[in-house]
Amino acid sequence: MINEDPSSLTDMDNNIDSWKNNSENSSYSHADSLADVSNIDNLLSDKIFSIRDSNSNIYDIYYAYDTNDTNITKYKWTNNINRCIESYLRSQICEDIDFNSDICDKVQRTIIILIRSTNDTNDISDTNDISDTNDTNDTNAIYDPFDISDTNDTNEIYDPFFILDINDTNDTNDIYGIYDPDDIYETNIKDICERYSEIYPRNREKSTFVPIDYSDPNCMEKLARLWVQCETCYGLNFKQFFRPKMNICEHCGEHLKMSSSDRIDLLIDRDTWNPMDEDMVSVDPIKFDSIKELGSEEESSKDRLDEDMLSPDPIELDSEEESSKDRVDSEEEKDQSYIDRLDSYQEKTGLPETVQTGTDQREEIHPLFEDIMNQLDLYLQTAKNRVDSEEEKDQSYIDRLDSYQEKTGLPEAVQTGTGQLNGIPLALAVMDSEFIAGSMGCVVGEKITRLIEYATNLLLPLIIVCASGGARMQEGSLSLMQMAKISSALYNYQINQKLFYVAILTSPTTGGVTASFGMLGDIIIAEPNATIAFAGKRVIEQLLNKEVPEGSQSADLLFDRGLLDAVVPRHLLKEFLTELFQFHGFVPLT
């Protein structure tokens, strides 16, 4: 079917095999004949028309033929159209194809743009047509945009960077919509690896492509809005697809950090999560900021006392006039340049001429010395700025709590509640390493303890997902006490009530969490390559001044040593837990 003048249409044959007499087989034998070749001149102007195959699949095509020779045969017409259809059905996407016909003369140029499919492309018969091996005997009749083996025609270019013109709305005669043929890029560049700006110099002002300036100090912040960098292979993962892939690097398969909310969505069935103790927030129980200020005041007073004890006796000082003169001389020396200071010291010391540095030598040394001094000044300024930025980050404990609550949207470093895992009711606690490194303070310990007691009373299985740097130092010994409190609640849950507790260790799990409830599970599961240790790598290296071997704190090594029961990839975790609970007698409610 062609949206053209009715006089150009002829009786359609539902089989295009009649055009296969020219020692070539069609690459798509189930398409309808488009037009009688005798009326082909009517289609030489730029037009959009529709084609329909025998399966009632309709496609809109823009076809333009720029040539000095109007002697077009059935063979040329059929081959171009069939290659166009074949390419579309292979890609199954709206894709623009701009190629030089390798069958026509070199002066002829064919432009075919597949605009859209006007019906459902999920028809099974379409895929059957594509996979029909009987129609692919002649590989020359198939245009595959991903096939680079055909190097006979060096002018054939597949254009993967076509940019839609969505700004061209002034032309009232524009019948092509956003696919304006006036904006089709003309290029004879044969190297498809050339830079974007060299391939498309014509429409660069209209392009929505925004180059990235890596010299911009905010460059990485801009990239972080769209990309997540893997900590292992440093590959970039597009944020839009990162969460559906469960925060697993698409390049190396590394399991990157995951928020507590995402883990709840991963494990708990939809609309079954019931959070607990959401209104419980941390305070400053030991007045950590007051102790810090008191300590700084004591240090300053001690320094002042030491200075007073070490200060010289005023009697031993020179006269006030000489001391003021020395101060003036020292200030003048600081303002002098290097050459002037050399001259002044030579005049002051009275050194002979043979010892003094020659004028020529000083002129040669002076630029090098000035350059070194400028570099030192730049380094000192950079260090000063770094110190200033660190001082800005040195917030009080209460301010840090507020900033992390605003950043993560969580009141504390753990979420607790009940839900269903494939229909099995359970109690769940998930720690979040983004909230002050997932550190365990009084509120974290209290929420986990309350959850364990609630699960004990209702005889629910328990899962705790650990992701923590250990006890929170801002709360002192009160944070260390949470280790014993949680362990005591687990003793009653596991030993007295004989209930089932599963610990899931993610990266990082260190410090007091590892030394308490992290390693008390009836079944201990870890994610691949998770960092699990009592003391972190940096702490060990600073304390013992020894380098920690690579991989010595990974979950895979601990599994080999028998400290873990299983290492389960993230995408298999829910099904693994379901089978584990069913094996221990827990059945779904439905």
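The chain as shown is numbered from 1 upward.
Cβ coordinates come from backbone N, Cα and C, glycine included.
Swiss-Prot lists zinc finger for one of the ranges 92-114, 207-229, 230-252, 414-436, namely 230-252. Just so you know, the Cβ of Cys252 (Zn(2+) binding site) picks up 12 other Cβ atoms within 10 Å once every protein chain is counted. Tertiary neighbourhood of the zinc finger (230-252): same-chain residues 223, 258, 262, 266, 529, 570-571, selected by CB-CB distance under 8 Å and a gap of 6+ residues from either end. For the binding-site residues Cys230, Cys233, Cys249, counting C-beta atoms within 10 A of each C-beta gives the highest total at Cys249.
Secondary structure of the zinc finger (230-252) per DSSP, as helix, strand and coil residue counts: 4 helix, 4 strand, 15 coil. Of the chain residues outside the Zn(2+) site list Cys230, Cys233, Cys249, Cys252, Glu231, Thr232, Tyr234, Gly235, Asn237, Glu250, His251, Gly253, Glu254 have their Cβ within 8 Å of the site's Cβ mean position.
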